[in-house]
Amino acid sequence: MKTIDELLSEGVAGKRVFVRADLNVPLDGTTITDDGRIRAVVPTVKALADAGARVIVASHLGRPKGAPDPAFSLAPAAARLGELLGADVAFAEDTVGSSAEAVVTGLADGGVAVIENLRFNAGETSKDDAERAAFADKLAGLADVYVGDGFGAVHRKHASVFDLPKRLPHYAGYLIATEVGVLKKLTDEVKRPYVVALGGAKVSDKLAVIDQLLGKADRLLIGGGMAYTFLKAKGYEVGISLLQEDQIPAVKEYIERAEKNGVELVLPVDVLVAPEFPDLKTKAPANPTTVAADAIPADQEGLDIGPETRKLYASKLADAGTVFWNGPMGVFEHPDYAEGTKAVAQALVDAPGFTVVGGGDSAAAVRTLGFDENAFGHISTGGGASLEYLEGKTLPGLAALED
């Protein structure tokens, strides 16, 4: 995989460089609530602009239905990128139409432009190879060189991620190079004990990665909504907690395999429960009760790991040589249910080894809860991409950059 440093050494002054970034940031109206993904692409964009390239930044945002939708415009992200660069960033109101052509034509050496949401074109996400290829051909007409730096999208077989690099000289940006280096530390160069903490709502989202980790990790800590399917598989009643009944047979098999492989599978010993899900808008006090994990009342749902579990998980992380954490331990968006996630984050900060926060909700939680991002070994920008890499899958966006 050729990297941006090789491109810079070849010289990029005056060249149109298409940077496939991941500017898929959460929005409240037009206000960006977490700009982590925009900040992550700044080193690549700045290096190219400083070297005199004409930089065209492209990304998706949300899931528009293959047509323009103002709610998913990249305009706020373009404005924020300009603020972070301390430079004017031009914005094209389409992706491959007259606005994009005019904006790209008008770029001076060292200039930066953002084109509108790639998913406003059905060809970006099409399952039809010919439709995707046709859109990639149009994108290729805008640029001379391709730099892949949207790690959060490399697991998608989309036109700008998979088809476009085949049409232009292609290089990995700083973010992708860093992310791949980190994931190699989690797969090929693991320092032990290797501890994995998994949370989040659905156990079905994590089954494939658990399958792989049962042969690699030393300890697996389970929290979040997915923990209740594990507790049910152990024969406990879980009240009205989130439960994926159809996954219980698979989870039972994983519990048995963990025992057979000598992997320590650690489940909550106590949880915070309440009769209903909290109001995340008003953040009104939820007044949860702490109960043992095997004594959840029939009319209550578990919404965070309890104080004993927090201590237990911290102790299991205390000597870790390598840690991968993906998914919050509870409904961290509400202050009454944030302590479990906070405890795991703090345990990662305190752990002596290399710690990775695996993107998505965990990365958002770390920022929301006020942790210093530099206190972790690495905070990934790709939740789904990280998981699929650890599952051993070939990621289309990385495969395209390898060719």
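Here the Cβ of each residue, glycine as well, is placed from N, Cα and C on the backbone.
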Which of ARG37, ARG132, ARG167 belongs with ASP22, LEU23, ASN24, HIS60, LEU61, GLY62, ARG63, ARG119, ARG156 in the substrate site listed by Swiss-Prot: ARG37
Closest of LYS206, GLY302, GLU333, GLY360, SER362 to ARG119 (substrate binding site), Cα positions, binding-site residues only: GLY360
CB contacts for LYS206 (ATP binding site) [other CB atoms within 10 A, all chains]: 23
Closest of LYS206, GLY302, GLU333, ASP361, SER362 to ASN24 (substrate binding site), Cα positions, binding-site residues only: ASP361
Which of ASP22, GLU333, ASP361, the listed binding-site residues, has fewest other Cβ atoms within 10 Å: GLU333
Fewest-neighbour residue among binding-site residues, criterion Cβ within 10 Å, set GLY62, GLY302, GLY360: GLY62
Lowest local Cβ density (other Cβ within 10 Å) among binding-site residues: ASN24, SER362: ASN24
Where GLY302 (ATP binding site) falls in three-state DSSP terms: strand
